[in-house]
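**Student:** Structure in structure tokens, see below.
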Amino acid sequence: MTKYVFVTGGVVSSLGKGIAAASLAAILESRGLKVTLLKLDPYINVDPGTMSPFQHGEVFVTEDGAETDLDLGHYERFISTKMRKANNFTTGQIYESVIRKERRGDYLGKTVQVIPHITNEIQAFIERGAASATCGEPDVAIVEVGGTVGDIESLPFLEAARQMSLRMGRNSACFVHLTLVPWVATAGELKTKPTQHSVQKLREIGISPHVLLCRADRRIPDDERAKISMFSNVPEDAVISVWDADSIYKIPQMLHDQGLDAIICEELKLTPHAADLSMWSDLVEKLEHPKHEVTIGMVGKYVDLTESYKSLIEALRHASMHTSTKVNIEYIDSEEVETQGVESLKHLDAVLVPGGFGRRGTEGKIAAIRYAREAKVPYLGICLGMQLAVIEFARDVVGLKDANSTEFDQETPNRVVALITEWYDREGRVEKRTEESDLGGTMRLGSQRCPIKPGTMAEEIYGKDVNERHRHRYEVNNRFVPQLEAGGLIISARTPSEDLPEMMELPRSMHPWFVGVQFHPEFTSTPRDGHPLFKSFVEAALAHHEAQAPVAVGEKA
């Protein structure tokens, strides 16, 4: 039978519940347990697909095409279990399901209320999510409850967790509460009162936490832990200090050293073998002792909010581990490139243009792509970054000066990137789309396997085929491909059924490393293995860096 660990948060948001939950899962998995994770989001949106990156950060896409919270990306990076649609749900989905049942008459004329109908539905979603785990029936399902204790939006989820714990009985569920212990500089001390009040609020709901994870910018002294223990009624050994670390991959060892996994296993009456965190130690060792160093410029419009590119940043870190290369990421505002030119790019070892939506900043990205192509600087374009690379090539090499995407210019006669007219909705149904259609749940989403053209750089990187995740509405227009190929561009991978371009590259006779991909490879990168595309990209950046390095006196050029 699956046992449950509920992870809640208090005082403020963004303390790192997702990292804490994923780190605990990694430790339990290293002890031989089958583990899955779920994220419950209290907002009323059906999913984060139409939410602004400034509001929500990255939208992580699962293998089966769900647009989910970025924490699911952390889950997949920390454990081997793949996430699915059922691993993330929102208040919007819960109410949508309950209202659909009410309209069908499933409640037999009863008054539909938050308790029991909404809370029962939440419990059903949790159990369904755990049962759908790709690892088979999990020994432990870790459930992260979004939001902060005290928020009105979170109350139904916390009540459902309380009811579920009561229904399942002792040793079947436990609660981990993550809270803030701030350092007040004027007083010169850590303050435990916010944590005390947060636990008090949780206990008012009927939940007594078994473990407290106390976030601070430094290690919490034992006397402060004892004070927190006394006021929160949590054993002192279960008051665990979680201080700021320079890498999230140090957190599993930090939590294990303080006995978190032992406390959880004791509470749930689990008897797995000892933890083996050598893989995490090896990864941290690689991260901290690189042999080389490169600087990669990420040209985008959300550069002030790096949460928007969370998986991409982590994918570059994974590549750095597996190539012994420190990767410095410089975030470059594409609108500044539009107004100030490409001078800010000239010291870079490689250029990356990530995915995105909307017209703002696109001409700056195109200018950066033109610079990378002409200066022979390694270039990787992802999703929109590939589409803009095709537009730049069409304009500046093929000679279609007004080439554009219909996303940015409906009137352009040279629609080298355009909206395709048939989509799959959230339930997998084929649906015709137009420019006026709703935005939510109407993109090409999820994993798709496609063959790779033999003899290409893509084949060197991936092998015979590629299986990656998508999130986009627009495609490279096949009508212009013959002209692009005549100019030298190579379409190195296509979808097997729709024959849509998935990868493009320039031959080495034109450029040493210039690749665009319509999919999002960052979603499948893990610290365990890295990702072949990002490893190849970092290696190309290193080769460029070494080629540009000045030759020392006495050395042969």
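Glycine residues also receive a Cβ, built from the backbone N, Cα and C atoms like all the rest.
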**Student:** Suppose a student reads Swiss-Prot and sees D151, I152, E153, K191, T192, K193, P194, T195, Q196, K227 listed for CTP. Which of S13, S14, S405, S447 should they find annotated at that same site?
**Tutor:** S13
**Student:** Same ATP site as S14, L15, G16, K17, G18, I19 according to Swiss-Prot: which of D71, D106, D139?
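**Tutor:** The record-listed residue among the candidates is D71.
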**Student:** Looking at L-glutamine binding as recorded in Swiss-Prot, which candidate out of G356, G361, G446 goes with L384, G385, M386, Q387, E407, R473?
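**Tutor:** Of G356, G361, G446, G356 joins L384, G385, M386, Q387, E407, R473 in the L-glutamine site that Swiss-Prot records.
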**Student:** Could you check which of the binding-site residues (L15, K17, I152) sits closest to H520 (active site), going Cα to Cα?
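**Tutor:** Answer for the nearest of the binding-site residues: K17.
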**Student:** Can you list the residues of the same chain, besides G356, L384, G385, M386, Q387, E407, R473, whose Cβ falls within 8 Å of the L-glutamine site's Cβ centroid?
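**Tutor:** Near the L-glutamine site, the remaining chain residues are G355, F357, C383, L388, S405, V417, H472, Y474.
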**Student:** For D71 (ATP binding site), which of the recorded positions P194, T195, Q196, L384, E522 has the nearest Cα in space?
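**Tutor:** If we rank P194, T195, Q196, L384, E522 by Cα distance to D71 (ATP binding site), first place goes to E522.
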**Student:** Under 8 Å Cβ-Cβ from Q196 (UTP binding site), six or more apart in the same chain: what's there?
**Tutor:** I228, F231, S232
**Student:** State which of the following binding-site residues has the fewest other Cβ atoms within 10 Å around its Cβ: G16, G385.
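**Tutor:** Each of the binding-site residues G16, G385 was scored; lowest Cβ tally within 10 Å is G16.
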